[in-house]
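A short worksheet on the structure shown next.
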Amino acid sequence: MHLQNTHNTMESNAAMDATSPASRDVRQFHDLITCRLCRGYMIDPTTVDYCYHTYCRSCILKHLLRAVYCPECKASGGKEINELNLKSDDTLRSLIYKLVPGLYQRECKELADFKEQHDFVDEQTTDEPEFFTTTELISLSLEYHPAMLHQCGPGEVPPTIYLQCAAGLPVELLKRFLCSKYNIETDNGLVEVEVTYKDEVLPTNFTLMDVAYCYNWSRESPMAFCYRILLYDNEQTKNDENNLSRINQDIEPEHSVRRSKSAKSVTFAEDLESEIDSGSPRS
């Protein structure tokens, strides 16, 4: 069930947030995720099986009460259709809710308000929400990468860090947090902090919400990240290794990339401080 004023709400919210980076990204797909009948984001996208035009389910059902043709095909003499020709597009539904954070929650609220106003009796469900908002809190853990633990001595293993952050938090801020914890200057070109999830190095512009969607994370347990700190002989070596890593990932994405011996892994703050404060240059 869908309320007409939901579309007005979507349009007004989109206008208010038009200056945000997320909104600028959504506008690239605006024509693909909006309904041609109500001009709002498609709710419960439904496709006509003859022509593959897609509309909100409520919008196309209302249209069929007064016409028997697809709204976009009527002028070209399209075939007559009825409710049996309408197919739900769950993939598009999921994409829209992921592209427009908060839309799913607002739609659920509209539906709940409608049921309350009309004394509509419905069974209570306890299913967890399918989609995230940028302000939803996500529990996560930061653990030093297990592959590097052999370099740690007795009692030197860094403890796992547990945090609770907004779903819109970018990975870049997790890296800055680790830099602050280990007294690393963020502009130090000879030190690199990598944050990984399921053994894949994450882009700095990824948000926790992106990680949740890309890796099918559920809310049952904290989002488990790993990190490692690398020292380089010079900035040229660092750039060469980063370029090689990207090339190898493109060619063999299923294999992990081995780093050359010029990059040294640091296990705890004391080692890192001794390397940074050392009087003799490494290069």
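The backbone N, Cα and C atoms fix where each Cβ goes, glycine too.
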When TrEMBL is consulted, the range among 1-21, 106-126 described as region 'Disordered' turns out to be 1-21
Whole-number mean pLDDT, the domain 'RING-type' (35-74), equals 90
